[in-house]
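Database features (TrEMBL):
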SIGNAL    1-36  signal peptide
TRANSMEM  52-71  transmembrane segment
TRANSMEM  125-145  transmembrane segment
TRANSMEM  171-191  transmembrane segment
TRANSMEM  254-273  transmembrane segment
TRANSMEM  279-298  transmembrane segment
TRANSMEM  319-342  transmembrane segment
TRANSMEM  354-374  transmembrane segment
TRANSMEM  381-404  transmembrane segment
TRANSMEM  410-428  transmembrane segment
(Lines of atoms letter the chains of each structure in order from A and count residues from 1; the text may use other names and numbers.)
(Lines give C-alpha, C1' and ligand atoms only; values in the text may rest on other atoms or scores of the structure.)
Protein backbone atom coordinates (compact mmCIF):
# COMPACT_ATOMS: atom_id res chain seq x y z
CA UNK A 1 0.00 0.00 0.00
CA UNK A 2 1.51 3.33 -1.10
CA UNK A 3 1.91 6.17 1.28
CA UNK A 4 0.30 9.52 0.85
CA UNK A 5 3.63 11.01 -0.29
CA UNK A 6 3.98 8.36 -3.02
CA UNK A 7 0.47 8.87 -4.16
CA UNK A 8 0.98 12.63 -4.23
CA UNK A 9 4.21 12.16 -6.19
CA UNK A 10 2.56 9.84 -8.69
CA UNK A 11 -0.41 12.13 -8.98
CA UNK A 12 1.95 15.00 -9.60
CA UNK A 13 3.95 13.07 -12.18
CA UNK A 14 1.03 11.77 -14.18
CA UNK A 15 -0.14 15.13 -15.43
CA UNK A 16 3.44 16.11 -16.21
CA UNK A 17 3.96 12.91 -18.20
CA UNK A 18 0.65 13.40 -20.09
CA UNK A 19 1.47 16.96 -21.13
CA UNK A 20 4.83 15.83 -22.46
CA UNK A 21 3.52 12.85 -24.39
CA UNK A 22 0.38 14.46 -25.83
CA UNK A 23 2.09 17.01 -28.12
CA UNK A 24 4.47 14.35 -29.36
CA UNK A 25 1.56 12.02 -30.04
CA UNK A 26 -0.34 14.73 -31.97
CA UNK A 27 2.78 15.60 -33.94
CA UNK A 28 3.36 11.93 -34.78
CA UNK A 29 -0.25 11.51 -35.85
CA UNK A 30 -0.15 14.67 -37.96
CA UNK A 31 3.14 13.66 -39.59
CA UNK A 32 1.87 10.20 -40.45
CA UNK A 33 -1.36 11.65 -41.85
CA UNK A 34 0.50 14.18 -43.99
CA UNK A 35 2.91 11.50 -45.19
CA UNK A 36 0.00 9.27 -46.13
CA UNK A 37 -1.87 12.05 -47.96
CA UNK A 38 1.12 13.86 -49.43
CA UNK A 39 0.98 12.10 -52.76
CA UNK A 40 -2.78 12.60 -52.89
CA UNK A 41 -2.40 16.34 -52.26
CA UNK A 42 0.34 16.67 -54.83
CA UNK A 43 -1.71 14.83 -57.42
CA UNK A 44 -4.99 16.56 -56.58
CA UNK A 45 -3.93 20.22 -56.57
CA UNK A 46 -4.73 20.42 -60.29
CA UNK A 47 -8.40 20.05 -59.36
CA UNK A 48 -8.35 23.25 -57.26
CA UNK A 49 -8.66 26.15 -59.67
CA UNK A 50 -7.40 28.93 -57.31
CA UNK A 51 -4.15 27.01 -56.85
CA UNK A 52 -3.76 26.58 -60.60
CA UNK A 53 -4.44 30.28 -61.05
CA UNK A 54 -1.77 31.24 -58.50
CA UNK A 55 0.78 28.78 -59.90
CA UNK A 56 0.21 30.14 -63.42
CA UNK A 57 0.63 33.72 -62.20
CA UNK A 58 3.85 32.80 -60.40
CA UNK A 59 5.15 31.32 -63.64
CA UNK A 60 4.34 34.52 -65.54
CA UNK A 61 6.00 36.69 -62.92
CA UNK A 62 9.25 34.73 -63.21
CA UNK A 63 9.40 36.29 -66.69
CA UNK A 64 7.81 39.67 -65.91
CA UNK A 65 9.98 40.60 -62.92
CA UNK A 66 13.38 40.09 -64.66
CA UNK A 67 11.98 41.90 -67.69
CA UNK A 68 10.90 44.83 -65.51
CA UNK A 69 14.37 45.19 -63.99
CA UNK A 70 16.01 45.00 -67.42
CA UNK A 71 13.72 47.69 -68.85
CA UNK A 72 14.32 49.89 -65.80
CA UNK A 73 18.07 49.43 -66.18
CA UNK A 74 18.10 50.40 -69.88
CA UNK A 75 15.99 53.49 -69.21
CA UNK A 76 17.99 54.54 -66.15
CA UNK A 77 21.32 54.25 -67.96
CA UNK A 78 19.99 56.22 -70.96
CA UNK A 79 20.78 53.31 -73.27
CA UNK A 80 18.99 54.92 -76.22
CA UNK A 81 21.77 57.56 -76.52
CA UNK A 82 24.73 55.57 -75.25
CA UNK A 83 24.04 52.06 -76.58
CA UNK A 84 25.59 50.46 -79.65
CA UNK A 85 26.45 47.10 -81.10
CA UNK A 86 24.56 44.14 -82.47
CA UNK A 87 21.87 44.12 -79.76
CA UNK A 88 21.10 47.84 -79.94
CA UNK A 89 18.28 47.62 -82.57
CA UNK A 90 16.59 44.77 -80.69
CA UNK A 91 16.78 46.53 -77.31
CA UNK A 92 15.60 49.80 -78.87
CA UNK A 93 12.57 48.09 -80.42
CA UNK A 94 11.66 46.20 -77.27
CA UNK A 95 12.20 48.99 -74.71
CA UNK A 96 11.94 52.37 -76.45
CA UNK A 97 10.17 51.90 -79.79
CA UNK A 98 10.93 53.94 -82.86
CA UNK A 99 8.14 56.53 -83.19
CA UNK A 100 6.00 58.71 -80.96
CA UNK A 101 2.26 58.39 -80.50
CA UNK A 102 0.19 59.83 -83.31
CA UNK A 103 -3.40 59.66 -82.07
CA UNK A 104 -4.50 58.59 -85.55
CA UNK A 105 -4.18 55.40 -87.53
CA UNK A 106 -2.84 57.20 -90.58
CA UNK A 107 -2.29 54.17 -92.76
CA UNK A 108 -4.33 52.92 -95.66
CA UNK A 109 -4.37 49.32 -94.43
CA UNK A 110 -6.00 50.26 -91.13
CA UNK A 111 -8.14 53.21 -92.18
CA UNK A 112 -11.84 52.96 -91.42
CA UNK A 113 -14.19 51.97 -94.17
CA UNK A 114 -15.50 54.80 -96.31
CA UNK A 115 -19.16 55.10 -97.11
CA UNK A 116 -18.47 55.44 -100.79
CA UNK A 117 -16.64 52.18 -101.06
CA UNK A 118 -15.91 51.13 -104.61
CA UNK A 119 -17.34 48.02 -106.11
CA UNK A 120 -20.77 46.87 -107.19
CA UNK A 121 -23.59 46.04 -104.80
CA UNK A 122 -23.38 42.37 -105.75
CA UNK A 123 -19.70 42.32 -104.88
CA UNK A 124 -20.40 43.95 -101.51
CA UNK A 125 -23.13 41.40 -100.79
CA UNK A 126 -20.74 38.57 -101.63
CA UNK A 127 -18.14 40.08 -99.30
CA UNK A 128 -20.70 40.41 -96.52
CA UNK A 129 -21.81 36.79 -96.95
CA UNK A 130 -18.17 35.69 -96.96
CA UNK A 131 -17.46 37.58 -93.72
CA UNK A 132 -20.62 36.35 -92.00
CA UNK A 133 -20.06 32.72 -92.97
CA UNK A 134 -16.38 32.90 -92.04
CA UNK A 135 -17.11 34.34 -88.60
CA UNK A 136 -19.98 31.93 -87.93
CA UNK A 137 -18.06 28.83 -89.00
CA UNK A 138 -14.87 29.82 -87.17
CA UNK A 139 -16.42 30.70 -83.83
CA UNK A 140 -19.27 28.19 -83.80
CA UNK A 141 -16.76 25.41 -84.45
CA UNK A 142 -14.46 26.91 -81.84
CA UNK A 143 -17.25 27.00 -79.24
CA UNK A 144 -18.34 23.41 -79.89
CA UNK A 145 -14.76 22.12 -79.69
CA UNK A 146 -14.07 24.19 -76.57
CA UNK A 147 -16.95 22.55 -74.74
CA UNK A 148 -15.98 19.12 -76.04
CA UNK A 149 -12.37 19.40 -74.86
CA UNK A 150 -13.11 20.78 -71.40
CA UNK A 151 -16.19 18.78 -70.42
CA UNK A 152 -15.84 15.36 -72.08
CA UNK A 153 -13.35 12.55 -71.57
CA UNK A 154 -11.03 10.87 -74.07
CA UNK A 155 -10.10 7.24 -74.50
CA UNK A 156 -13.40 5.65 -73.39
CA UNK A 157 -14.31 2.86 -75.79
CA UNK A 158 -17.59 1.98 -74.07
CA UNK A 159 -20.20 4.13 -72.28
CA UNK A 160 -19.31 2.44 -68.98
CA UNK A 161 -15.67 3.60 -69.11
CA UNK A 162 -14.84 6.97 -67.60
CA UNK A 163 -11.93 7.78 -69.88
CA UNK A 164 -9.43 10.58 -69.22
CA UNK A 165 -10.21 14.29 -69.10
CA UNK A 166 -7.82 17.02 -70.18
CA UNK A 167 -7.45 19.55 -67.35
CA UNK A 168 -4.75 22.04 -68.33
CA UNK A 169 -6.48 25.09 -69.81
CA UNK A 170 -3.16 26.92 -70.12
CA UNK A 171 -1.88 24.46 -72.72
CA UNK A 172 -4.93 25.13 -74.89
CA UNK A 173 -4.25 28.87 -74.61
CA UNK A 174 -0.67 28.22 -75.74
CA UNK A 175 -1.85 26.16 -78.72
CA UNK A 176 -4.19 28.95 -79.82
CA UNK A 177 -1.54 31.63 -79.44
CA UNK A 178 1.31 29.83 -81.21
CA UNK A 179 -0.76 29.35 -84.36
CA UNK A 180 -2.13 32.91 -84.20
CA UNK A 181 1.47 34.15 -83.88
CA UNK A 182 2.48 32.16 -86.96
CA UNK A 183 -0.47 33.39 -89.04
CA UNK A 184 -0.04 37.04 -88.07
CA UNK A 185 3.72 36.85 -88.63
CA UNK A 186 3.25 35.47 -92.14
CA UNK A 187 0.60 38.12 -92.82
CA UNK A 188 3.01 40.90 -91.79
CA UNK A 189 5.69 39.46 -94.07
CA UNK A 190 3.45 38.97 -97.11
CA UNK A 191 1.48 42.24 -96.93
CA UNK A 192 2.76 45.76 -96.41
CA UNK A 193 2.30 47.11 -92.89
CA UNK A 194 2.83 50.56 -91.36
CA UNK A 195 6.21 51.29 -89.79
CA UNK A 196 6.01 49.92 -86.26
CA UNK A 197 6.66 52.41 -83.47
CA UNK A 198 5.32 51.01 -80.18
CA UNK A 199 7.79 49.65 -77.59
CA UNK A 200 7.36 45.89 -77.72
CA UNK A 201 7.18 45.46 -73.94
CA UNK A 202 3.87 47.36 -73.89
CA UNK A 203 2.20 44.41 -75.60
CA UNK A 204 2.95 42.31 -72.52
CA UNK A 205 0.20 43.98 -70.47
CA UNK A 206 -2.53 43.16 -72.98
CA UNK A 207 -0.95 39.75 -73.48
CA UNK A 208 -1.08 38.86 -69.78
CA UNK A 209 -4.72 39.92 -69.42
CA UNK A 210 -5.59 38.15 -72.68
CA UNK A 211 -4.00 34.92 -71.42
CA UNK A 212 -5.91 35.08 -68.15
CA UNK A 213 -9.22 35.90 -69.82
CA UNK A 214 -8.78 32.93 -72.16
CA UNK A 215 -7.79 30.72 -69.23
CA UNK A 216 -10.93 31.78 -67.34
CA UNK A 217 -13.01 31.10 -70.43
CA UNK A 218 -11.76 27.52 -70.68
CA UNK A 219 -11.74 26.93 -66.93
CA UNK A 220 -15.30 28.16 -66.40
CA UNK A 221 -16.66 25.32 -68.54
CA UNK A 222 -15.68 22.90 -65.76
CA UNK A 223 -18.19 24.58 -63.44
CA UNK A 224 -20.96 26.06 -65.59
CA UNK A 225 -22.70 25.19 -68.83
CA UNK A 226 -21.67 26.69 -72.15
CA UNK A 227 -25.00 28.57 -72.66
CA UNK A 228 -24.53 30.22 -69.26
CA UNK A 229 -21.04 31.31 -70.24
CA UNK A 230 -22.24 32.75 -73.55
CA UNK A 231 -24.99 34.75 -71.82
CA UNK A 232 -22.51 36.05 -69.24
CA UNK A 233 -20.21 37.21 -72.04
CA UNK A 234 -23.14 38.84 -73.83
CA UNK A 235 -24.07 40.80 -70.70
CA UNK A 236 -20.63 42.40 -70.27
CA UNK A 237 -22.26 45.74 -71.02
CA UNK A 238 -23.73 45.87 -67.51
CA UNK A 239 -20.44 45.87 -65.51
CA UNK A 240 -18.89 48.16 -68.10
CA UNK A 241 -21.66 50.71 -67.57
CA UNK A 242 -21.38 50.40 -63.79
CA UNK A 243 -17.62 50.88 -63.92
CA UNK A 244 -17.98 53.89 -66.20
CA UNK A 245 -20.55 55.45 -63.89
CA UNK A 246 -18.55 54.91 -60.70
CA UNK A 247 -15.00 55.49 -61.91
CA UNK A 248 -15.33 57.91 -64.83
CA UNK A 249 -18.67 59.54 -63.88
CA UNK A 250 -19.98 58.88 -67.38
CA UNK A 251 -23.54 59.68 -68.37
CA UNK A 252 -25.59 57.30 -70.50
CA UNK A 253 -28.60 57.66 -72.76
CA UNK A 254 -32.01 56.37 -71.70
CA UNK A 255 -31.89 53.54 -74.24
CA UNK A 256 -28.61 52.31 -72.72
CA UNK A 257 -30.22 51.99 -69.29
CA UNK A 258 -33.27 50.34 -70.85
CA UNK A 259 -31.26 47.71 -72.74
CA UNK A 260 -29.08 47.07 -69.67
CA UNK A 261 -32.22 46.35 -67.63
CA UNK A 262 -33.50 44.05 -70.39
CA UNK A 263 -30.21 42.14 -70.40
CA UNK A 264 -30.34 41.76 -66.61
CA UNK A 265 -33.92 40.47 -66.74
CA UNK A 266 -33.12 38.02 -69.54
CA UNK A 267 -30.02 36.62 -67.85
CA UNK A 268 -31.89 36.28 -64.55
CA UNK A 269 -34.73 34.41 -66.25
CA UNK A 270 -32.31 32.00 -67.88
CA UNK A 271 -30.23 31.33 -64.76
CA UNK A 272 -33.21 30.95 -62.41
CA UNK A 273 -35.00 28.58 -64.77
CA UNK A 274 -31.97 26.33 -65.38
CA UNK A 275 -32.24 22.80 -64.05
CA UNK A 276 -30.13 22.37 -60.88
CA UNK A 277 -29.20 18.78 -61.67
CA UNK A 278 -26.29 19.87 -63.84
CA UNK A 279 -24.59 21.80 -61.05
CA UNK A 280 -26.04 20.77 -57.70
CA UNK A 281 -23.22 22.19 -55.59
CA UNK A 282 -23.42 25.86 -54.66
CA UNK A 283 -19.64 25.90 -54.29
CA UNK A 284 -19.19 24.73 -57.87
CA UNK A 285 -21.66 27.30 -59.15
CA UNK A 286 -19.99 30.02 -57.10
CA UNK A 287 -16.60 29.02 -58.55
CA UNK A 288 -18.02 29.35 -62.04
CA UNK A 289 -19.38 32.82 -61.26
CA UNK A 290 -16.03 33.95 -59.81
CA UNK A 291 -14.16 32.68 -62.88
CA UNK A 292 -16.62 34.46 -65.19
CA UNK A 293 -16.13 37.70 -63.25
CA UNK A 294 -12.39 37.24 -63.72
CA UNK A 295 -12.92 36.70 -67.45
CA UNK A 296 -14.94 39.91 -67.78
CA UNK A 297 -12.37 41.92 -65.77
CA UNK A 298 -9.36 40.63 -67.73
CA UNK A 299 -11.12 40.97 -71.08
CA UNK A 300 -12.19 44.55 -70.32
CA UNK A 301 -8.61 45.49 -69.47
CA UNK A 302 -7.32 43.87 -72.69
CA UNK A 303 -9.61 45.90 -74.95
CA UNK A 304 -8.89 49.17 -73.13
CA UNK A 305 -5.12 48.64 -73.21
CA UNK A 306 -5.22 47.74 -76.90
CA UNK A 307 -7.16 50.94 -77.59
CA UNK A 308 -4.33 52.82 -75.90
CA UNK A 309 -1.71 51.00 -77.97
CA UNK A 310 -3.49 51.88 -81.20
CA UNK A 311 -2.40 55.48 -80.60
CA UNK A 312 0.85 54.32 -82.15
CA UNK A 313 1.06 53.63 -85.86
CA UNK A 314 0.15 49.96 -86.23
CA UNK A 315 -2.26 47.68 -88.00
CA UNK A 316 -4.57 45.17 -86.33
CA UNK A 317 -2.39 42.31 -87.56
CA UNK A 318 0.66 43.90 -85.96
CA UNK A 319 -1.31 44.13 -82.73
CA UNK A 320 -2.22 40.46 -83.11
CA UNK A 321 1.44 39.54 -83.62
CA UNK A 322 2.72 41.55 -80.64
CA UNK A 323 0.14 40.26 -78.17
CA UNK A 324 0.51 36.64 -79.28
CA UNK A 325 4.31 36.86 -79.14
CA UNK A 326 4.26 37.62 -75.41
CA UNK A 327 1.40 35.18 -74.86
CA UNK A 328 3.52 32.36 -76.25
CA UNK A 329 6.48 33.46 -74.12
CA UNK A 330 4.42 33.56 -70.91
CA UNK A 331 2.51 30.33 -71.44
CA UNK A 332 5.39 28.16 -72.60
CA UNK A 333 7.55 29.45 -69.74
CA UNK A 334 4.88 28.68 -67.16
CA UNK A 335 4.13 25.27 -68.67
CA UNK A 336 7.80 24.27 -68.66
CA UNK A 337 8.28 25.44 -65.07
CA UNK A 338 5.29 23.38 -63.92
CA UNK A 339 6.30 20.36 -65.99
CA UNK A 340 2.85 20.49 -67.60
CA UNK A 341 4.07 21.07 -71.14
CA UNK A 342 5.37 17.55 -71.67
CA UNK A 343 2.44 16.08 -69.73
CA UNK A 344 0.07 17.75 -72.19
CA UNK A 345 2.11 16.50 -75.14
CA UNK A 346 1.95 12.99 -73.65
CA UNK A 347 -1.83 13.36 -73.41
CA UNK A 348 -1.89 14.30 -77.10
CA UNK A 349 0.13 11.21 -78.01
CA UNK A 350 -2.21 8.99 -75.97
CA UNK A 351 -5.36 10.49 -77.51
CA UNK A 352 -5.12 11.40 -81.17
CA UNK A 353 -8.67 12.75 -81.06
CA UNK A 354 -7.60 15.39 -78.55
CA UNK A 355 -4.65 16.34 -80.76
CA UNK A 356 -7.05 16.91 -83.65
CA UNK A 357 -9.45 18.92 -81.50
CA UNK A 358 -6.71 21.17 -80.09
CA UNK A 359 -5.35 21.79 -83.60
CA UNK A 360 -8.82 22.69 -84.90
CA UNK A 361 -9.33 24.98 -81.91
CA UNK A 362 -6.16 26.85 -82.81
CA UNK A 363 -7.08 27.08 -86.50
CA UNK A 364 -10.56 28.42 -85.70
CA UNK A 365 -9.16 30.96 -83.24
CA UNK A 366 -6.55 32.29 -85.69
CA UNK A 367 -8.94 32.40 -88.65
CA UNK A 368 -11.60 34.04 -86.50
CA UNK A 369 -9.23 36.88 -85.58
CA UNK A 370 -8.43 37.51 -89.25
CA UNK A 371 -12.14 37.53 -90.13
CA UNK A 372 -12.73 40.06 -87.34
CA UNK A 373 -10.16 42.47 -88.76
CA UNK A 374 -11.41 42.06 -92.33
CA UNK A 375 -15.09 42.49 -91.42
CA UNK A 376 -14.54 45.65 -89.40
CA UNK A 377 -12.34 47.08 -92.16
CA UNK A 378 -14.92 46.38 -94.88
CA UNK A 379 -18.27 46.99 -93.15
CA UNK A 380 -17.62 48.72 -89.83
CA UNK A 381 -18.13 47.79 -86.20
CA UNK A 382 -21.95 47.81 -86.25
CA UNK A 383 -22.24 45.05 -88.87
CA UNK A 384 -19.56 43.06 -87.07
CA UNK A 385 -21.45 43.36 -83.76
CA UNK A 386 -24.67 42.10 -85.37
CA UNK A 387 -22.89 39.10 -86.89
CA UNK A 388 -21.22 38.20 -83.58
CA UNK A 389 -24.47 38.63 -81.66
CA UNK A 390 -26.13 36.17 -84.03
CA UNK A 391 -23.16 33.88 -83.51
CA UNK A 392 -23.74 33.86 -79.75
CA UNK A 393 -27.39 32.93 -80.24
CA UNK A 394 -26.49 30.14 -82.65
CA UNK A 395 -23.78 28.92 -80.24
CA UNK A 396 -26.34 28.47 -77.46
CA UNK A 397 -28.72 26.56 -79.72
CA UNK A 398 -25.94 24.38 -81.12
CA UNK A 399 -24.57 23.58 -77.66
CA UNK A 400 -28.02 22.62 -76.37
CA UNK A 401 -28.55 20.38 -79.40
CA UNK A 402 -25.16 18.63 -79.32
CA UNK A 403 -24.57 18.31 -75.57
CA UNK A 404 -28.11 18.06 -74.24
CA UNK A 405 -28.35 21.22 -72.13
CA UNK A 406 -31.92 21.53 -70.91
CA UNK A 407 -33.47 24.95 -71.50
CA UNK A 408 -36.98 25.60 -70.21
CA UNK A 409 -39.54 27.80 -71.92
CA UNK A 410 -38.83 30.62 -69.46
CA UNK A 411 -35.08 30.22 -70.00
CA UNK A 412 -35.50 30.34 -73.76
CA UNK A 413 -37.59 33.48 -73.43
CA UNK A 414 -34.82 35.00 -71.29
CA UNK A 415 -32.26 34.23 -74.01
CA UNK A 416 -34.51 35.95 -76.53
CA UNK A 417 -34.80 39.01 -74.29
CA UNK A 418 -30.99 39.26 -73.98
CA UNK A 419 -30.39 39.19 -77.72
CA UNK A 420 -33.30 41.53 -78.41
CA UNK A 421 -31.65 44.02 -76.04
CA UNK A 422 -28.30 43.58 -77.81
CA UNK A 423 -29.84 44.26 -81.22
CA UNK A 424 -31.63 47.32 -79.81
CA UNK A 425 -28.27 48.65 -78.59
CA UNK A 426 -26.71 48.20 -82.02
CA UNK A 427 -29.66 49.88 -83.74
CA UNK A 428 -29.81 52.82 -81.31
CA UNK A 429 -26.06 53.38 -81.49
CA UNK A 430 -26.04 53.36 -85.29
CA UNK A 431 -28.99 55.80 -85.41
CA UNK A 432 -27.24 58.11 -82.96
CA UNK A 433 -24.02 58.10 -85.01
CA UNK A 434 -25.99 58.79 -88.19
CA UNK A 435 -27.73 61.72 -86.50
CA UNK A 436 -24.42 63.18 -85.35
CA UNK A 437 -22.94 62.96 -88.85
CA UNK A 438 -25.98 64.65 -90.42
CA UNK A 439 -25.89 67.39 -87.79
CA UNK A 440 -22.32 68.34 -88.66
CA UNK A 441 -22.11 71.34 -91.05
CA UNK A 442 -20.76 70.58 -94.50
CA UNK A 443 -17.51 72.33 -95.48
CA UNK A 444 -18.10 75.24 -97.82
CA UNK A 445 -16.16 75.51 -101.03
CA UNK A 446 -14.23 78.72 -101.45
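Cβ atoms are placed via backbone N, Cα and C, with glycine included.
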- Other than its close neighbours in sequence, what residues sit by the transmembrane segment (254-273), given a CB gap under 8 Å and a spacing of at least six beyond its ends? 227-228, 231-232, 234-235, 237-238, 241, 407-408, 410-411, 413-418, 420-422, 424-425, 428
- Message: Does the structure show the transmembrane segment (125-145) and the transmembrane segment (354-374) touching, where I'm treating 3 or more Cβ pairs under 8 angstroms (sequence separation 6 or more) as a contact?
- Response: yes
- For the transmembrane segment (52-71), which recorded stretch in the set 171-191, 319-342, 354-374, 410-428 gives the largest number of Cβ pairs separated by under 8 Å? 319-342
- Query: Top stretch among 171-191, 319-342, 410-428 for CB pairs under 8 A with the transmembrane segment (354-374)?
  - Reply: 171-191
